[in-house]
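Take a look at the structure below.
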Amino acid sequence: MAEVPSSRIITIGGYDHINSVVLGGKNPVALQTMWKDSLSASDITGSSGSAALERIEGLAGLGCRLLRFAVPDLDAADVLGELAAKTAMPLVADIHFDYKIALRCLDYPIAKIRINPGNIGKKERVIMVLEKAAARRVPIRIGVNAGSLPADLRKKVEAGAITRAEALVTAAERELEIFDEMNFRDVLVSMKASSIRDTLVANRLLASRTDVPLHIGVTEAGPLIPGVVRNAVAMHTLLAEGIGATIRVSLSDTMEQEIIAGREILNAAADTEGGETVNLGVTIVSCPRCGRNSFDTHGFTEKWQNYLYSLDKNITVAIMGCVVNGPGESRHADIGITGAGNKVLIFRRGEVIRTIDASEADDAFREELQKLL
Ligand code: SF4
């Protein structure tokens, strides 16, 4: 397999109040997700506005570094622009069909624009967007989707003249030519398909031909379990080959689940390579539970998961159902909790430090956790 050249480095955000995210080269792979609902003016004012900002903060706490929004019209561009003025999270405007929406977004502190070459229209329009983005130093992602290929490429795929992966790469390269002509360097590419194979072939091919950083992921990947499996297989394969500067795990589930899935994929990829796990905070180990359990590991894990993942601390937390495999199997855990008959034990590195009733489990766990933070 041809060696993948190191990708160029691109900085997103980093001006005014907006966090900076550096992508490409040897920089950490950045996690992102996409807002799942339409955004209206009422969503960013009053208590709704606070709720939206709180949710964005929660996503940042989980490890989200970029947050994308669909921008279907000019009103949505204005709403997103106002939201961008209120948060440190770099916001990405996702634009299909109408270049004027991209131009409007660039009037605001939007950190990145995503355009779809399959439907953004004529070259002159793309050039207008590039000129304004260059003036404002806003990077652009060329986001090619197998489901919305340019018409001529779609027909070639249907006729069997080229593969879907070749069509994805050709669509991206056509657009990249315009960027090169304009000497617009702050560009990323994504080529997404619901097929793992097409995703792999397309990304490998483009990565062997360009130093443009790639945003990788499998699109329309399905609900939580199939979606995580498909994305994990594709991302792990590509990341192991040095391909991928940023990832999004597309799921028919919440944004929080997408981020948690993404960080677990990154940690697993690092673990497989024999390296250090990525500095992404808490690692949760929890038992699947069986007939020996005397502690509701599922309920406890669900209740604590998002809080634990939001902690900026590299620790391992074990949540176990019984003493058979509790402190012993989780000896490496910085803190753990397990059932033990009609009691609950809290342990640290295999040593039991508290024995409590189940009704006290949350409070005692919180107290002991605080001592590690
Ligand atoms: S820790 Fe105990 S309850 Fe959990 S799976 Fe293992 S044996 Fe079963």
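We count from 1, first residue shown onward.
From the backbone N, Cα and C atoms, a Cβ is placed for every residue, glycine too.
Features of the protein shown, as given by TrEMBL:
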{"type": "DOMAIN", "residues": "18-262", "note": "domain 'IspG TIM-barrel'"}
{"type": "DOMAIN", "residues": "284-370", "note": "domain 'IspG C-terminal'"}
{"type": "BINDING", "residues": "CYS287, CYS290, CYS322, GLU329", "note": "[4Fe-4S] cluster binding site"}
Around the Cβ of GLU329 ([4Fe-4S] cluster binding site), the count of other Cβ atoms that are within 10 Å: 16
Greatest C-beta neighbour count within 10 angstroms, which of the binding-site residues CYS290, CYS322: CYS322
Rounded mean pLDDT for the residues that make up the domain 'IspG C-terminal' (284-370): 91
Count of other CB atoms lying within 10 Å of the CB belonging to CYS287 ([4Fe-4S] cluster binding site): 23
CYS287, CYS290, CYS322, GLU329 excluded, remaining Cβ within 8 Å of their centroid ([4Fe-4S] cluster): PRO288, ARG289, ARG292, ASN293, THR297, MET320, GLY321, VAL324, ASN325, GLY326, THR338
Among CYS287, CYS290, CYS322, GLU329, the binding-site residues whose C-beta sits under 6 Å from ligand 1: CYS287, CYS290, CYS322
Helix-strand-coil residue split for the domain 'IspG C-terminal' (284-370), DSSP-based: 26 helix, 26 strand, 35 coil
